[in-house]
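Contents: one structure, followed by commentary.
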């Protein structure tokens with residue numbers, strides 16, 4: 001009897017240990033609804049402030065690009081993790097050669113960066129949305145999609161959910177990309193200890209932006225105008241030197257339901273891959289002899 005009791009205790013202990021080792025599972029949830037605020041609450045001009053026009057007390061901001069310069073703005077603070085969203089209406093008409101960017105970036109040589117870049121095109125041709133993730137100064141993770149609407153006609157929401165487990169890119173409520181933390185199992189660097197500011201800019205990039213630089217900016221159409229609303233920032237604010245978030249684990253985006261997408265969200269992501277993706281570094285065999293190891297974990301192959 002004593003031996004049998006010991007065996008039962010060992011089995012119970014092993015089961016308890018297994019439960020501790022199993023990953024925590026919970027139903028995934030969409031990010032919280034963004035809260036619209038005026039531009040001045042979270043942002044300041046970065047350069048060429050005379051090319052930024054304020055509408056309705058800063059509830060809307062317009063960036064202007066002409067032959068002399070583009071312009072841009074950035075957050076007042078730096079952040080380690082959070083949810084960041086912007087309502088944008090892109091340059092209309094012939095926007096070839098122009099780039100409108102919305103991104104997070106740290107401020108050092110081995111920088112981390114999370115990018116939305118909207119590549120202009122000739123009138124009647126669709127915009128291309130390019131996303132990228134830099135970790136430790138290394139990028140080369142481009143994905144390009146066509147949008148399923150005209151982004152120049154109405155405002156649409158572009159947002160990033162960034163926590164210790166994943167970076168998720170959303171257009172409106174549709175996930176278009178996930179980059180998971182693979183530092184532990186695959187040894188791939190992940191942005192977790194470098195605070196980042198948010199930036200947005202409108203600038204001339206006709207050396208590469210449209211058809212690899214073959215289509216040049218037509219300055220007869222200047223000024224080019226991109227419009228913004230929302231300016232939502234819900235992040236753990238930190239100094240540029242801070243390497244951790246003082247409230248790590250306590251914020252809503254740290255909770256189990258925000259550590260992965262759910263089945264419905266992955267189905268939407270799969271539809272984006274099948275219907276709207278025009279370039280994915282994960283499937284570029286000319287560039288990578290082997291599929292980058294994070295792609296399977298991110299469900300991008």
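Any Cβ shown, glycine's included, is placed from N, Cα and C.
Note that this is a predicted model, so its numbers are computed, not measured.
Pulled from TrEMBL, these are the features on record:
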- 113: active site, nucleophile (ACT_SITE)
- 117: active site, proton donor (ACT_SITE)
- 26-228: domain 'GH16' (DOMAIN)
- 121: N-linked glycosylation site (CARBOHYD)
- 1-28: signal peptide (SIGNAL)
Once the chains shown are all counted, how many other Cβ atoms turn up within 10 Å of the Cβ of the residue listed as 'active site, proton donor'?
19
How big is the Cα-to-Cα gap, in Å, between the residue listed as 'N-linked glycosylation site' and the residue listed as 'active site, nucleophile'?
25
Output, ordered by sequence, the same-chain residues six or more apart from the residue listed as 'active site, nucleophile' with a CB under 8 Å from its CB, or 'none'.
103, 104, 105, 106, 132, 133, 134, 139, 196
Residue 121 (N-linked glycosylation site), number of other Cβ atoms within 10 Å:
20
